[in-house]
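In what follows, a structure is listed as structure tokens, so that the remarks can point back to it.
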Amino acid sequence: MLSSGALGPAAAAGAAAACAPLPGGLNPIWLAQSKLRRRRFDEAIEICSAALAAKPYDQAAWYLKARALTLKNWLDDSEIEEEGIGDALLEEAGTAQVARPGTSLARPSGGANAPSSSGGGSSSPAVRPVSHAGRPLTGFARPGTSTRPGTGARPGTTGGAAAVQAALRGGGKPGTARPVTSSGRFVRLGTASLASEPGGPFINAGRLDLRKYAARPNLARVLCDYLLHVDNDARRALELAAAATQAAGFEDWWWKARLGEAYGRLGLLRDAAQQLASSLRNQDMVSTALALGRVHQRLDQPAAALALYADAAARQPWEPGLLLAAARVKDAMGQGEEALGLYQQVLAMDASSVEAIACLGAHHFYSDQPELALRHFRRLLQMGVASAELWANVGLACFAAGQYDLALPAMERALAAADDGAAPEVWYNVGQIATGIGDTSWAAQCFRLAVSLDPTHAEAWNNLAVLEARRGSEARARAYLRTARAAGPGAYEAHFNAALLAWRRGELQEAWGAVNAGLAAFGAHPEGLELRRLIRAQLTAL
Amino acid sequence: MEASRSNALIHQLYVRQEYDECLKLVDSVLAETGGQCEHAIYVKALIERHRGRIADSLRLFQQATALNPHNVGRSLALLGKHSQAIEVYDEAQKLAGHQDWELWHAKGLCHAQLEGGHEAALECFAFANAIQPNDATYQRISELHAARGDHGPAAAALMEALEHSPDSADLLASLGLLLLRSGDAQRAFDQLGTSLLHEPRGARAILADHGDHDAALVKYRVVAAVEPDCPQLWNNAGAAFYGKQRYIAAIACLKRAAYLAPLEWVTAYNLGLAHLATGQAASAFHHLSAAVNLRPDFAPRQAGGSGRAAVVWAARAPARSYGLMGVALARLDDPDNARAAYARAAALDPGEPSFRLNHAVLLHSLGDAGGAAAQLGAYWEAAAARRGAPDAEEGCQDPDAAEAAGALARALGLAVPSGAQ
């Protein structure tokens, strides 16, 4: 079995000078396999390249190299759902333009539009702030939840321009661009990964006879993963997977799952759902269930996703990933209380789940238990998470718990750790603390810093306006409120304050428009409803 | 013939609030008559106004204006063009004579919105009421008086209105709150109680605190179901819990109120009070300093209010904040700043005895017998003045305070003045 040791090093030296010579007498294939197992992908790739240069048709070397390349470029996308602008705007998968409340992510049942029958739950927008898209803030920033355009603002229904604006703005931080389409992003990723390979692409997928590969299941699987994750060529992967499924007699769950993934990348969501469901019927797998759930969410069918997760969790009771996914959907639907129980179950299984701890901490903070929230945040700090956001949360929880001497140092740390994206939020929160202490001029300074870093920070503009109005300069307050309303249509406070000022001045037209905009963002706002009642009484009087 | 039949139908649709249907009919009628049907235009304008499109409605009214100047004025007023509206109303009065109370009322509203139009507005409202008394007019009059701080005439206007409609929960609640603000607690609660009889869920009336904390808490629970995010509600509930000496519950409620409305100085003040009661002097100091910062108008006001510590009705608040801050600072072993706080409190409200006594106790504990004696003397003086005052409250002569003053006097070797016990 041992090949002559001289061959490998000589060839390798020709390919890459940096490659260390093989230890004497070692089989390069065995060594490459060992390196692959130890996740030293670059070394494995080099050894395989050398072996292939000597023997171009060495299947073992080809297999190992494809595997190493795939693993090197592997992106665990089970947690990522980024919708491009095009996907969000031109979505045609949704079935109902105006979905019933509670059946669509665009119209969550709880939160902003729910009647406040729950007796002041912590997900009321008056207690818990909302994101740009009008959702209650969760304790954990997730890519998927913030990008979907807000309530009913789909083109063709109301305000197409507003929908485009919302889609372009996204839910992200200032200065982050959002891809035009998600498939375009994959194409870029593909070219990037290929360009980094010396000597051109390893496999030229366009020239392969995929049907021939489909008949050889072991090679075909490696090739399929390579196409999906290195080439990012979902179309060729789809062809290969379709042929291979056929060759396997439509009984192989693995191929069906890959078919589903390829369909999903191409934006053919219905086909993807069909294949993934079929794969799940063949073999119950957590990853397939998670993928199918994500497809359901992209189709705007949160109820289907929840049912799927619950079903899968009953069969796999030890898997925290399913519970977390269900909790995320609940959060996005504005059912924070139900998500809470799921997070607690997740923590029982996986005591170091950052997401669950962060969400529980945020929940305790918003339900008037800052001391409990502080314990959760401290646990995160102990686990080594030290982001600006976390320090800001620690500072706010300390402040709410009355520990002023700890709150300000925590905020200082947050500012030191903050990048451009987090800094406006941290300054905004420092401003809240300043307001709580009663130092309004310091608060105004903080809010001004926040808007200088992020001119679309609607809440900071609104608070600036309130402080100005307190000081008596109403004209400036009005200007700030106008900016706030343009920057964040979801911030009901700015609409309401603008309406109140207009009402006091007797300009009912402006007041009427503003109060209605505010109620569109938060339908159960009691003061807003009262103001609308007063204005309507004026309008209907003869 | 044709037009009049349509008019009846238009009117019927309008009063049934079937606006879409009505607009369709109006448009067809207008197309038939070439835009000459006055009633159709009028109804269309009204519908537009109901829907909040005042500018469109104004344009329509101007089309139909020749016969009805009142609505043009109203549209202008709703758009905030008050002086223009007044001109239109003047013209209308020339046409219609001066016997239309609505025109007077509307003109009063416009004057009230203009700067310096206070007297003119009151005059207009008086004319309107002379022609026909009206609840809305009385309420505006009362609001105008109250905005200037004239509580007496404001209450008088409301009482006159109540003679005409004694069952109006709204009027009763307004009157109750007004009386409460002017310090007449007993009558205020009578009025508010009557208001609650007529409208058991009226939040405004419920929110005024009664002396009876348990009853108040029951009522707050009713409001909490309707408006869970109302900061005033949580503040008052916290105050009620404080009155029942359930301090933890009080602090929880007050914290929620402070979260919902961080700029309310009353909440900060109450939080300071509650923290003092639980012995957390540092937190109390922070909340009291917030209360002082948030209430920049330091001018001492006329004493009034219901004298209960938990329910502070706008009076003497800054002075009390400083007085309590002195207590907190004394507990924190910072006598210099505590003395400064007491001095500030005494300067803001010279008639209040409690700061003097606390100051005297502090000075005594510091060993400054002369200063303590001076402050104690000031205390007796203020307490005697308070007792002799016509609006003497039962709360101002606290037996505990008198006892402490007596003990201090004995310690200092002073004679207790007669009548102070």
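Keep in mind that glycine also has a Cβ here, set from the backbone N, Cα and C atoms.
What TrEMBL records for A:106-131 (among others) is compositional bias 'Low complexity'.
According to TrEMBL, the feature compositional bias 'Low complexity' maps to A:141-161 (among others).
Under the heading region 'Disordered', TrEMBL lists A:96-161.
Sequence-distant contacts of the repeat 'TPR' (A:388-421) (same chain, six or more residues past either end, CB-CB distance under 8 Å): 141, 173-176, 358, 361-362, 365, 370-371, 373-374, 377-378, 380-381, 427, 429-430, 432-433, 436-437, 453. Residues annotated as repeat 'TPR' in TrEMBL: A:388-421 (among others).
The annotation repeat 'TPR' is assigned in TrEMBL to A:424-457 (among others). When DSSP labels each residue, the repeat 'TPR' (A:424-457) comes out as 28 helix, 0 strand, 6 coil, counted as helix, strand and coil in that order.
Sequence-distant neighbours of the repeat 'TPR' (A:424-457) (same chain, 6+ residues past either end, Cβ-Cβ under 8 Å): 169, 174, 388-389, 392, 395-396, 399, 404, 407-408, 411, 414-415, 418, 463-464, 467-468, 470-471, 483, 487-488. Residues of the repeat 'TPR' (A:388-421) grouped by DSSP class, helix first, strand second and coil last, total 27 helix, 0 strand, 7 coil. Mean pLDDT, taken over the repeat 'TPR' (A:388-421), works out to 89 on the 0 to 100 scale.
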